[in-house]
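Structure record follows, encoded as structure tokens.
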Ligand SMILES: O=C[C@H](O)[C@H](O)[C@H](O)COP(=O)(O)O
């Protein structure tokens, strides 16, 4: 058996189904790996109550499968959140937002008791930052935030063709070596006009289901009690 990258994503997504208990409302992420998870969730839709989506795209896909989609405000807390990542390190800290859904993803993840990251093996890195760091900004703050990112050692690029589900813009910051993810996540979020940035270190994943060419490997966050 030698799984392709897409098969690795699908295998990780299917493995996440084992963590879903009856009558749960499931927090659902965004992206190609999360799409595999939504498709897998459809196979057990009769034993769950529904889902909370982290993007309009995921909400549409869930609804197309006949899965009930709740507003987060109607549910409050969630037992679980399942999502992909652009990069993840050994502490299960991540870069997310390649699909511009980072802010809603961070909000839904924060409401979840357990965060399961599903990813193909290319996403596992030693140090975060090879993938350009997405930062969601209020449009009028784009230049201000860009200059601040240069001071932090990055090379910002405006994702010109992108408006987020929240009506904001994305700056992708290249050239960062993120040795201290919590520190940088916190620092960037202090810049006026930043909605949030794509470092998920203050709230890392609890479990990583990593699809590899040989199958799925499970990593547990040693710092997590969940
Ligand atoms: O905004 C998008 C999300 O953070 C995704 O989870 C991330 O980009 C990974 O996407 P994919 O599963 O397509 O690699």
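Glycine too: its Cβ is placed from the backbone N, Cα and C atoms.
Among the candidates 45, 63, 114, 123, the one that TrEMBL lists alongside 30, 31, 32, 33, 83, 84, 85, 86, 96, 97, 98, 99 as binding substrate is 123. Each of 29, 34, 101, 119 belongs to the same chain as 30, 31, 32, 33, 83, 84, 85, 86, 96, 97, 98, 99, 123, is absent from that list, and has a C-beta within 8 angstroms of the C-beta centroid marking the substrate site. A separation of roughly 11 Å, to the nearest angstrom, links the Cα atoms of residue 105 (active site, proton acceptor) and residue 85 (substrate binding site). Of the listed binding-site residues, namely 96, 123, the sparsest Cβ surroundings within 10 Å are found at 123. Around residue 98 (substrate binding site), the C-beta neighbours below 8 angstroms that are at least 6 residues distant in the chain are 31, 86, 131, 134. A sphere of 10 angstroms centred on the C-beta of residue 32 (substrate binding site) encloses 15 other C-beta atoms. Within the same chain, the residues at least 6 positions away from residue 83 (substrate binding site) whose Cβ sits under 8 Å from its Cβ are 27, 28, 29, 30, 31, 33, 34, 54, 96, 105, 109, 115, 116, 117, 118, listed in sequence order.
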